[in-house]
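Report on one structure; see the data block that follows.
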Amino acid sequence: QGIFVLGLPYALLHSGYSGLFLIVLAAALCCYTGKILIACLYEENEDGQLIRVRDTYEDIANACCKKLSPRLGGIVVNVTQVMELIMTCILYLVVSGNLLSHSFPYVPVTEKTWFVIAFVTLLPCVFIKTLKIVSKLSQICSLVHFIIIFVVMTYCLTRTHQWSWAKFKLSVEFEDFFVSIGVIIFSYTSQIFLPTLEGNMKNPGEFRCMLNWTHFFACVLKSTFALTAFLTWGEETKEVITDNLPLFLQTLVNLCLLTKALLSYPLPFFAATEIVCACISRGNYSNYSSPLFALGVRGSFLLLTLLMAMFIPHFALLMGLTGSVTGAAMTFLLPSLFHLKLNGKKLSFIEKCADISVFILGFLCSLAGIVCSMKGLLKVFG
């Protein structure tokens, strides 16, 4: 339940009743593709027992593309992963700048200046070398996130006398609808981490059950949060829902959100730079395996996120674009394609139809989401 859950009420504003259906459908599809992705890690031995022969998303991709090129699939997956992780970092920076400007409206500073201030506080990230520090920061993030959700939900429940189902649209604008799809997809993306998660479980046999329950509860929380927030503010729902809160609550929640956004940044940042450094060092070039080189990579990535945040400071549109490009690829397109490639001979007709349907649906949503998000960004920039 990342910080991007705060964009779901805005997605409902543009998708109406269909948005609630999409939140449920996305949960079901993401749960399914998570299962088939993990199935690609296993192969049957001579006794018919399933043996884990692959460890990562990259290994699966390389196995699928080994006839074309031994590393082609891994390169595609790594590029997509890095894109998604870096876009996530950019979104955290955008949120931080947005929150700072709303928390201190009387300070004569532009939003871009707030981006730079947030960037300065993140400079220590270039010195993070292990996940031990990142994990401690993530624990604090989880606690802060529950506080934020509790405050917003409690306020919404005190305004139930203002709720009206008439606020929901029956008809939706095509472009706004597909941007909403990207936002909803991005709020569920977790496939990048599933192979590692399943490999570290004490009992991997419980993975499918765990995936069912986590997606069920995620769906319930997302639907409840998005619905109560939208019913409270209706047409006035903003891109980041905390901007709708009254000033006395907004400042408190925004400061909590700012803390969460800044502390959440190191995880995707660390993961992205580790992938890049690992890929480069694989070439056995001694010059590229030095600590100084790793520091340069981290510094370059940090600067890249600042520049992107300053040029595209629109939270919902950027999230929709990210969800449509990398989120759809990693969540729908690649798992279904890899499953068909590696296990196609053993799949039943219904399973093959399910994979093909998920692939086509993911492709269409991704294509439409990209076009609509780009048009939205072009419109914003005149």
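Note that Cβ sites are derived from N, Cα and C of the backbone, with glycine treated the same way.
No curator has checked TrEMBL annotations; they are predicted automatically.
These come from TrEMBL:
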| type | residues | note |
| --- | --- | --- |
| DOMAIN | 1-372 | domain 'Amino acid transporter transmembrane' |
| TRANSMEM | 20-42 | transmembrane segment |
| TRANSMEM | 75-94 | transmembrane segment |
| TRANSMEM | 114-131 | transmembrane segment |
| TRANSMEM | 143-165 | transmembrane segment |
| TRANSMEM | 177-197 | transmembrane segment |
| TRANSMEM | 209-232 | transmembrane segment |
| TRANSMEM | 252-280 | transmembrane segment |
| TRANSMEM | 292-312 | transmembrane segment |
| TRANSMEM | 318-338 | transmembrane segment |
| TRANSMEM | 358-378 | transmembrane segment |
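Just going by CB pairs under 8 A, the stretch in 20-42, 143-165, 177-197, 252-280, 292-312 that sits most against the transmembrane segment (209-232) is 20-42. Contact between the transmembrane segment (292-312) and the transmembrane segment (177-197) is not supported, since fewer than 3 Cβ pairs fall under 8 Å when only residues 6 or more apart in sequence are counted.
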